[in-house]
Structures are given as C-alpha cells and as structure tokens.
Amino acid sequence: MKALSKLKPAEGIWMTDVPEPEVGHNDLLIKIRKTAICGTDVHIYNWDEWSQKTIPVPMVVGHEYVGEVVGIGQEVKGFKIGDRVSGEGHITCGHCRNCRGGRTHLCRNTVGVGVNRPGCFAEYLVIPAFNAFKIPDNISDDLASIFDPFGNAVHTALSFDLVGEDVLVSGAGPIGIMAAAVAKHVGARNVVITDVNEYRLSLARKMGVTRAVNVANESLQDVMNELGMTEGFDVGLEMSGAPPAFRTMLDTMNHGGRIAMLGIPPSDMSIDWNKVIFKGLFIKGIYGREMFETWYKMAALIQSGLDLSPIITHRFTIDDFQKGFDAMRSGQSGKVILSWD
C-alpha cells in the first residue's frame, strides 16, 4: 500500500510502498479517507532535535485522520464494516494505576500513532478498537480528520469554567485558534488571542475572537483597557511554548487566575515565580485528550453550531503531499487536509 514514511534521519518525508498492516484480535482495520498534517509531522519532516530523539526510522507517520472500518478483529464488539471513524492517537497500556483508575490520558506508557508505531499517512491503518471513535453522520470528513488537534484545543479550553470569564490565548496556531473559538462558543466574555503571525491572527478573527492582537506592534494592556478590563484575565490558555508570551500571560492574569498549558516551552524557561505565588495562580499541564470525554465534547460542540471550517485553509490529494507540507512549513496556513480517495 502507499504510505508516507520517514525513511532516513534527514529532512523530508517520502512516499513509499509498505505491506498492509495485520489486524489483531482487538483491532480495527481502517481504510483512510482523509488525513491532516500536524505540527508534530512538520517536526518529523524537519528532523529537529525532538524527532531525532523520538522517531525510529523507517516509520509511517501521521495521526490525524478519518476513515472507514474495513476489517474487525474477532474479539471486537460495537463496530461494523462501513463505520466511519477517527481515533485516539495515544495507545495506552491498560495496566498502570492511571489506566486502571480511568485516567487513561495520563498513562505513563503511552505509545503514539505515527510516532512510536505506524501512523495514518497510509491507505490503511490498524488501531485497537478501544481507540476508535465513531463519527456522527452530520459531521463532515474534513472536520473529522482534524478531531485529534481539535481535541487538544477542547481539552485545554475546557479545563476550567469559562462562562462569563475573560480569556487570554497565547499562540494563534490552529490549536490555539480552535481553543479560542471553543471559549467563545461556550460563553466566555472576552476572548483575546496573541501572536506575531498576521496570517494566523486573521484566521482567528474569522473564527470570532473578541480581539486578535499582534504583540509585535500592539500593546496587550492597551487592548485590555479598550475592552474595559480592570482586573486582568481570569483564564489563560498557553498554546505557543514561547517564553515571552507566557511571561506576558503571567503579567496580565488576575489574582486567582487559572492557566492551562499545552504549548511546550524550552526546558530552561525562566519566569518570575513571585507572580505565580502572590497572585495565587493555578497552572495545569495539558497533554492529549481525555479518553474519551474530550471526544464526546468535540462532537457535541460541532453539532451545537461551532463552526471550525475557516481553520481548514488548504486541501491536496495525497500525491501532492509535498505541497501540503510546504504550506504547513510556510506558517501561512491553517489546517492542511490530504485526501486519499
């Protein structure tokens, strides 16, 4: 079958021919319809320091997808041939304390689809049936293919009560923009997103944020004054991993504010801890999606009217995958969809 693989320790992704995966007793075989390119896939393409430490080569990559069930393991119940599914990309052990306690998203033995085991940039994918999520009929293939990153956004945004709150989102990548849209949809008062990429800030405006602020030429404090904010932000969603953005967030949080962090900062990032302590801030790290509460919330948000369509900016056939990666690497894109049909 056709598959996009990391073949060697160098920049690039290559189209390859690999054997179709075998279906285990508890697995589903999924025929891929559409995939989306994640920032993680760009890291793998670029072969940066994280990729060099993490990705065994050769490896079929990719973990954002929608497809159709075409094979079912003999122990699997609850699925049938033809079901349209996406899936949780974190394969968990089922045996550690967190898994046994129902906190599977915190499994210490997590294996990543398209990172540590063969991924979805292929004609067929095998995953445990436990990880598959049936897509409701009124959700499109395009939207279903970005459920993985949308789940990161939903998990982060809904970590805290947002109704009536002023929310600061730092980082207008696709996940940050989707998190801001979720916050607005569920009843936040002001949702302000910051970045220095004007293209992505314009996408955020299309998604309905209160203000999209280019901090290279506009003061966040001035925007807060303009919005009539006198006490700071109640909730911060840190999506950028950029130390200056996080420091600005700490400066502008209200006392007792809550911060959810999805962005990955440098390991040696320094902050003024006095602001955390004396403001009484609560900081929560976010990884992946809650299994499977986040998935149910994703579907419900879209079915209740949340419009994510502006975040999908580019569509290519799989034979034009290089154009898709070029668009993602340029920084002038939202989500990029690759069609396998």
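Cβ coordinates come from backbone N, Cα and C, glycine included.
Residues Asp195, Arg200, Leu262, Gly263, Ile264, Ile286, Tyr287 are recorded by Swiss-Prot as NAD(+) binders, and the candidate that the same record lists for that site, out of Ile175, Ile277, Ile302, Ile311, is Ile175. Annotation note: Cys38 (Zn(2+) 1 binding site) sits in a coil segment as assigned by DSSP.
Of the candidate recorded positions, Thr40, His43, Glu64, Cys93, the one lying closest to Tyr287 (NAD(+) binding site) when CA atoms are compared is Thr40. Of all the binding-site residues in the list Glu64, Arg200, Leu262, the shortest Cα-Cα distance to Cys96 (Zn(2+) 2 binding site) is found for Leu262. Most other Cβ atoms within 10 A: among the binding-site residues Glu64, Asp195, that distinction falls to Glu64. Note: Cys38 (Zn(2+) 1 binding site) has non-local neighbours Gly62, His63, Glu64, Asp148, Pro149, i.e. same-chain residues 6+ apart with C-beta under 8 A of its own C-beta.
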